[in-house]
């Protein structure tokens, strides 16, 4: 992975993320009604006026925000190849703001459904921000824990050869 140029990492990761998102947003609604034809809305695949495909998109976007926060917390270097592949690539392809906008637009096609669509959009954004903050906090905590473990093992930073080794955690 370290040998690929960043554009290749983003391309490959984005393709993988988009395929995973598409799979989840197609197959989660099918779980609500296994007999349904793809794209057909039946009473079994609608919850509170929102199609299960849009619920699946909400899950995908919130999960993606959580994972991106976790990744950023664990790998602070934005140019790191793993962060480029997993963050910009996979999670960038996995989450979809444009699909969210289309879902809100489709849900607000009449005056009676504007409240449902608007609530869905605001709820998705709020949950995404909360999930990203939680992921970022968890990622930073995990990164700090790993740093402390390396320090306890004496492998955190190269030691100054002129300074005597004190042993143990610093």
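Each residue's number is its place along the chain shown, starting with 1.
Cβ from N, Cα, C; glycine included.
Record features, source Swiss-Prot:
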TRANSMEM  8-28  transmembrane segment
TRANSMEM  55-75  transmembrane segment
TRANSMEM  84-104  transmembrane segment
BINDING   92, 95  Na(+) binding site
TRANSMEM  114-134  transmembrane segment
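Around residue 95 (Na(+) binding site), the same-chain residues six or more apart in sequence whose CB sits under 8 Å from its CB are 17, 21, 60, 61, 64, 65, 68, listed in sequence order. Sequence-distant neighbours of the transmembrane segment (114-134) (same chain, 6+ residues past either end, Cβ-Cβ under 8 Å): 48-50, 54, 57-58, 61-66, 68-69, 100-101, 103-108. According to DSSP, residue 92 (Na(+) binding site) sits within a helical segment.
Counted within 10 Å of its Cβ, the other Cβ atoms near residue 92 (Na(+) binding site) come to 18, all protein chains included.
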